[in-house]
């Protein structure tokens, strides 16, 4: 396929993922801060969001359609090259890639039609097409093991992680299609896919390939990376794992940093009107904490004292009657 093919695919996925992640991260603070704004500003914000949202999604779907179309054209070229080289495995692989790229192209075209024609297609149906496309991509790289000892299989195994993130985020979009958090996760997954495609192109088609390993091509789309011996295979697999960990750590740092900067600039502090000062809550608690406990012993003591007073009162009345000072009936 060549380094330029991997570079173009990686660059396109990076642009798509960065666009979706940044656009959704900008909209998330605005959604959190809208309840504290007056009704007039809420209506104006809703109008601007409804007018901006189709434009942003149209750009995303347009980029997806261009990248999918490039994948289809590249796979067609590789398919004819495999036929000329009598490589049946290579031609079969390119047919699989064409099918997956066509499904992504259908997803992008359907999204463009929904945005430009204001169609009544439900969002769940559009997400379902994208989910099927990501699942087919996952199965392609999971089952693509022509040579079990090839180092390229390790690269494909690492690629399953960002694809799984895209599948999981698209599934979450079914429950809450208006939420931006699944789109943010999918953007991060597309970013990691793009950077890893670039890493694959650099590691397989340049001089930066692992020492002791070399690339063997039967056709344009059918290739494998073989090493001299077991130590070289073990070292090459370890290098692939280390490269992926570096990509993942760099992406996490980049996403957290950019998201914090955007959140600070947009002023996404949430609904602060529902919070109360800590001093007022503490003062209210102190007022409520002044109470007394009445035990059963106190009730018993009160009953005893009342009975004693009655006995003394009766004894006084009897004594007064005996001395002749009592009342006579």
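The backbone N, Cα and C atoms fix where each Cβ goes, glycine too.
Nobody curates TrEMBL annotations by hand; they come from automatic prediction.
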Given the ranges 15-36, 37-58, 59-80, which one is assigned the annotation transmembrane segment in TrEMBL?
-> 59-80
Under 8 Å, at least 3 Cβ pairs, sequence separation 6 or more: does that hold for the transmembrane segment (155-174) versus the transmembrane segment (92-113)?
-> no
Using a Cβ cut-off of under 8 Å, list the residues of the same chain at least 6 residues beyond the transmembrane segment (194-215) that approach it.
-> 2-3, 5-7, 9-17, 151-152, 155, 158-159, 162, 223-229, 231-233, 235-236, 239-240, 243-244, 247, 251
Sequence-remote contacts (6 or more beyond its ends) of the transmembrane segment (92-113), Cβ cut-off under 8 Å?
-> 57-58, 60-62, 64-65, 67-69, 71-72, 75-76, 78-79, 82, 119, 121, 126, 129-130, 132-133, 136-137, 140, 144, 221-222
